[in-house]
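Engineer: So TrEMBL has the following annotated:
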- B:31-383: domain 'Luciferase-like' (DOMAIN)
- B:D58, B:T95, B:Y149, B:S220: FMN binding site (BINDING)
There are 2 protein chains.
Amino acid sequence: MSRGIHLALHPYGVGGPGQHGLWKDPRVAKNASIDIGYYIRQAQAAEHALFDALFIVDSQFINATYPAHYLNRLEPLTLLSAVATHTRHIGLVGTASSTYNSPFNLARRFASLDLISGGRAGWNVVTSFDTGTSRNFGLDEHLDYATRYGRALEFVQVARGLWDSYEDDAFPADVERGVFLDPRRLHALDHVGEHFRVAGPLNVSRSPQGQPVIFQAGVSAEGRDLAARVAEGVYAPGGTLEQAREYYADVKRRAAAHGRDPEHLKVFLHGGPVVAATDARARRREREIFEEDNDFDRNLALLGRSFGAYDFGVHDLDAPFPDVAHLAEKGGRTGAAQIIRRAREQELTLRQVVESVAAFRESPFVGSPTTVADTIEEWFAAGTLDGINLAFRTDDDLELFVDGVVPLLRERGLFRTAYEADTLRGHLGLPVPANRHTRVRERAGG
Amino acid sequence: MSRGIHLALHPYGVGGPGQHGLWKDPRVAKNASIDIGYYIRQAQAAEHALFDALFIVDSQFINATYPAHYLNRLEPLTLLSAVATHTRHIGLVGTASSTYNSPFNLARRFASLDLISGGRAGWNVVTSFDTGTSRNFGLDEHLDYATRYGRALEFVQVARGLWDSYEDDAFPADVERGVFLDPRRLHALDHVGEHFRVAGPLNVSRSPQGQPVIFQAGVSAEGRDLAARVAEGVYAPGGTLEQAREYYADVKRRAAAHGRDPEHLKVFLHGGPVVAATDARARRREREIFEEDNDFDRNLALLGRSFGAYDFGVHDLDAPFPDVAHLAEKGGRTGAAQIIRRAREQELTLRQVVESVAAFRESPFVGSPTTVADTIEEWFAAGTLDGINLAFRTDDDLELFVDGVVPLLRERGLFRTAYEADTLRGHLGLPVPANRHTRVRERAGG
């Protein structure tokens, strides 16, 4: 089933960038984003459905106009560690910034989660999108784009080096010989690079999956290249089927160009499926959800987020879109640059830009269970995805998908009927990376 | 019972600075220090005995001669988060370095643990003892002693500021008025200090105990002063009853001098009780344990640890103790300075220094259950401790204490018969700190 579709669950908590009004739903606990019980139940539901992973997003910056999703929430590794001991199979993927962490500490925390979960940890590497984050870490400004990506690459390389500190046979714990540790199986890293100097060794040994799985969301050329070089799962930007196919082929090609097996880079599309008894009802519900979330002030704040938490509220809404080109240039904000280009070409006011950015768009995975299963199958066959990162507004929506769509995917041989492994690597069909020191020794010996 | 004795459990895992040979004991799992099940069972046993807290030590540096205790172990917050959802009352105190973390990230992780545990988190603030740690974080050398302590003080102040980001009524989540967040109840910190600039706000709200409890181990004048200024629990260096009484009086006096209620700084002694049916058998067992752990190479490495992971192995064991005064001066190593002084006064060789540092010393809490209970009562009455941080070699030893000594302490009114609270602050008789912003508003209003 490693050739089937991989499914991950992305629990929302309360509200989010696209779920502004969700907290008003009586089925959603107002404190869900800080309630560990909520996350444990979500993980157990996903595990019951045999999903590959639970995926936790993050940001280290908020302000009062921010999406409720990020406002008040548990730190991902603390969260996932608590979830780990209440689940047995499902992968646990947490988001953490390579810009605002140190490799030794973060490598250690993911290694700990990997041991606590028996080999189910995954790290979604982000370079931190929100500019304001820098001010929580003593910097007036984000590191520039190229530096952030260079740092991310080296960070992952250092983490992987630290994760190999202990070979699997490092602790003979041989009472007769009086040997607890075999010091020849413990290795310092002595990394000296452009961004980091880290001696090691790490004081955590390897898990049953060897090392945590690396995820990344690469959109720009730098992002795609980072994913192609080090990621084992990548969150694709989505769009139309044609755009998704282009992206899929591009990152697989880039992975191969780096000498990797493209099969070892799994592409996940984001999907917020809306399932109902009929297609018409599902489409109606999709529109209702859009209206529930649609709020001009929220949309204005979200537009500002693309420009580095810029406050567009200081401008006249009905004057031409303001000159904010300097914000788009800073930090290589490709989305912001596109918005400026369109505003100029179409001579839009600020209000018109806000409305066009937040305009209703139909999403692909909406319809009756059969329609949604058909669409997933079509997109999978078209070479757009290896997996889908699924987000649902309520437990009812999750249930409609799990009870309606998943059985159809199973019937068609597209999704597992039982867990074939206990590790995240196992679910994704990724090999356990050999310890670099063991490999060198074995080569030398053979 | 907040005037009774507080008991914390410090689980060893496998081996430790004073438990070198423990891994050979067939009752101890060889992988205990990376087995989350071990820690969950320890926490549950301690909770069953109504202990105040579980205490997890840490270090971010190892080498092959290091105590097994630190060699391979779970990161404390990841560990405690997993333990949190398998316990309901016991406090969860984790060690983390103020030298090798950033305040925003660490404050957030402790705030998350505090929410996940329902108000049971404690942070043992360390400035990182082991010199080699710096090389895992891009620095050749530790920050100097005064800088480390200045940074620790400011770090705690920043963390406490961040923990007050949300007032308790920040989320009205009022569907009728359409108000999820009340932005007037969310506060940036805008801290600009000598060591840190942190804007905030933190994206985690307060727990039922308001803020995590701050612990510290203050030995030197700087350490005692830091404890007196910001700690709510302090790990005392121990020694004789007279030394412990002097320390207790000193830190309480220092706390009062800083305008604090000395009752709000709880002094914990470290105790590794040895309990047996008779005093003679307990003393014999104490001696046996010493012999099991006594190993010249280990003792040589431990001596080196006091001098900054210095390798004394390069010196002639039978020559006069080498001139390492420069190592003792660096970073204000008071223990190392004492060793040098004694070696000089008594004209000791390196071998003799190693043997004298590691010499057998009787510890106070050894004997039959009655003797140990008597000693604890005596030390408590003498004003040496508010609590004891208990370490046991095996589950059998824990059981001997819990079944033999604890009931006697209860009979004498010295230890609780039921939990009177669900938070760590509640167990320790510490007040919930009012949110600074709420306090200011209420003062202004009144």
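Using N, Cα and C of the backbone, Cβ positions are placed for all residues, glycine too.
In TrEMBL, annotation is done automatically, which means it is predicted and not curated.
Note that the coordinates shown come from a computational prediction; the quantities given were computed from them, not determined experimentally.
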Engineer: Going by DSSP, is B:Y149 (FMN binding site) sitting in a helix, a strand, or coil?
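Structural biologist: It is helical.
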Engineer: Could you tell me which of the binding-site residues B:D58, B:T95, B:Y149, B:S220 sit with their CB under 8 A from some CB of chain A, listed in sequence order (or 'none')?
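Structural biologist: The answer is none, since no candidate qualifies.
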Engineer: Taking the residues B:D58, B:T95, B:Y149, B:S220 listed for FMN, what is the greatest CA to CA distance in Å, to the nearest whole number?
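Structural biologist: So the binding residues stretch over 20 Å, Cα to Cα.
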Engineer: For the domain 'Luciferase-like' (B:31-383), report the average pLDDT of the model, please.
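Structural biologist: Average per-residue pLDDT within the domain 'Luciferase-like' (B:31-383): 93.
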Engineer: Which number gives the other C-beta atoms within 10 angstroms of the C-beta of B:S220 (FMN binding site), all protein chains shown included?
Structural biologist: 15
Engineer: Could you find out if DSSP has B:T95 (FMN binding site) as helix, strand or coil?
Structural biologist: strand
Engineer: Have a look around B:Y149 (FMN binding site) and count the other CB atoms within 10 A of its CB, chains all included.
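Structural biologist: The Cβ of B:Y149 (FMN binding site) has 22 Cβ neighbours within 10 Å.
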